[in-house]
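Visitor: Per Swiss-Prot, the features are:
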BINDING   Ala61, Gly62, Leu63, Asp64, Lys65, Thr85, Asn138, Asn171, Lys216, Thr244, Gly267, Gly296, Tyr317, Ser318  FMN binding site
BINDING   Lys65, Asn110, Arg111, Met112, Gly113, Phe114, Asn171, Asn176, Asn245, Thr246  substrate binding site
ACT_SITE  Ser174  active site, nucleophile
Amino acid sequence: MYNLARQLLFKLSPETSHDLSLDLIGAGGRLGLNGLLSKSPAKLPVSVMGLEFPNPVGLAAGLDKNGAAIDGFAQLGFGFVEIGTVTPRAQPGNPKPRIFRLPNAEAIINRMGFNNLGVDNLVSRVEAAKYRGVLGINIGKNFDTPVERAVDDYLICLDKVYAHASYVTVNVSSPNTPGLRSLQFGDSLKQLLQALSLRQQELTQRHGRRVPLAIKIAPDMTDEETVLVAAALIESGMDAVIATNTTLSRQGVEGLPHADQAGGLSGAPVREKSTHIVKVLAGELAGRLPIIAAGGITEGRHAAEKIAAGASLVQIYSGFIYKGPALIRESVDAIAAMPRAAR
């Protein structure tokens with residue numbers, strides 16, 4: 001059924017298709033129909049960050065930026081759902097067109113630019129949702145906030161989403177907000193992590209529960225840079241790392257239509273880069289911090305490869321666009337088939 005739906009949706013522009021799909025998934029969730037459209041994955045419970053996940057396959061941030069279809073995505077069988085990226089104030093993002101499909105490579109290029117309706121709108125939607133599973137909320141900075149003031153934006157968002165999130169992801173790796181990726185390095189990263197850790201402690205006291213913080217990083221780092229990031233995460237007491245966001249590289253899509261468009265590349269071509277980052281992180285973190293792997297999962301075996309590389313959880317986005325809900329169950333099954341010692 002999804003193959004037919006995809007053929008129809010792919011006749012529309014990528015952003016129109018995205019918006020329509022989100023509307024349909026949201027409507028299906030409100031009516032309780034989405035569970036009928038896909039076979040639920042087997043139970044494969046896992047405990048990560050002190051949270052209990054029914055299975056280790058989640059929805060990556062970016063597909064549902066405003067929390068418009070939380071219940072709908074949950075009914076498709078995801079073990080957890082991450083929404084956002086959300087910013088303190090609503091913003092339109094970059095000019096259209098800003099999403100480009102590369103179907104021959106099972107890839108997508110986007111330069112959305114954190115288009116969203118603002119954190120207050122997202123919180124109201126989370127409050128209205130029926131979903132009571134693991135919900136991640138991904139936070140970022142507004143386009144017009146200077147990088148040197150970025151910490152303020154992250155703290156504003158953290159304050160507002162804390163009571164509503166199972167965990168919070170700090171996005172410092174989107175390539176579509178100027179200067180954002182500089183926050184992954186050196187003193188900028190240390191200052192951000194320190195501020196977040198202090199605020200997390202304050203909010204834990206205020207709300208009576210500790211909400212884990214995850215940092216989402218880019219795949220375009222050297223091994224040396226990745227090692228330094230790992231050290232900073234351990235030192236600051238962060239709870240998890242998500243590896244990875246989209247890449248600026250065009251390796252694997254050279255010469256394809258739209259390959260020269262600006263933006264972050266996701267999907268199959270980023271798989272090896274992302275998995276390499278997971279391996280480097282796993283070697284450096286040595287189990288002290290869980291890894292959530294994202295990037296290039298278009299088949300179940302790719303999810304298993306991420307777990308084998310050292311991840312505790314995986315997330316899908318572009319693969320979901322190309323393969324539909326069946327990829328969730330396929331990924332859970334592939335992970336379940338791994339020897340227990342390997343997962």
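Glycine is no exception: its Cβ is also placed from the backbone N, Cα and C atoms.
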Visitor: Using DSSP and collapsing to three states, where does Ser174 (active site, nucleophile) fall: helix, strand or coil?
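Guide: Reduced to three states, the DSSP call for Ser174 (active site, nucleophile) is coil.
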Visitor: With every protein chain in view, what's the tally of Cβ atoms within 10 Å of the Cβ of Lys216 (FMN binding site), excluding that atom itself?
Guide: 27
Visitor: Counting Cβ neighbours within 10 Å across all chains shown, tell me which of the binding-site residues Gly113, Gly267 comes out on top.
Guide: Gly267
Visitor: Let's check the environment of Ser174 (active site, nucleophile): how many other CB atoms sit within 10 Å of its CB?
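Guide: Neighbour count, Cβ to Cβ under the 10 Å cut-off: 25.
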Visitor: So, in DSSP terms, is Gly267 (FMN binding site) helix, strand, or coil?
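Guide: DSSP call for Gly267 (FMN binding site): strand.
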Visitor: In the same chain, outside Lys65, Asn110, Arg111, Met112, Gly113, Phe114, Asn171, Asn176, Asn245, Thr246, whose C-beta lies within 8 angstroms of the Cβ mean position for the substrate site?
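Guide: Counting only non-site residues, the set is Gly62, Thr85, Gly93, Ser174, Pro175, Thr177, Gly263, Gly264.
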Visitor: Counting other Cβ atoms within 10 Å of each residue's Cβ, which of the binding-site residues Ala61, Leu63 comes out lowest?
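Guide: Ranked by other Cβ atoms within 10 Å, the binding-site residues Ala61, Leu63 bottom out at Leu63.
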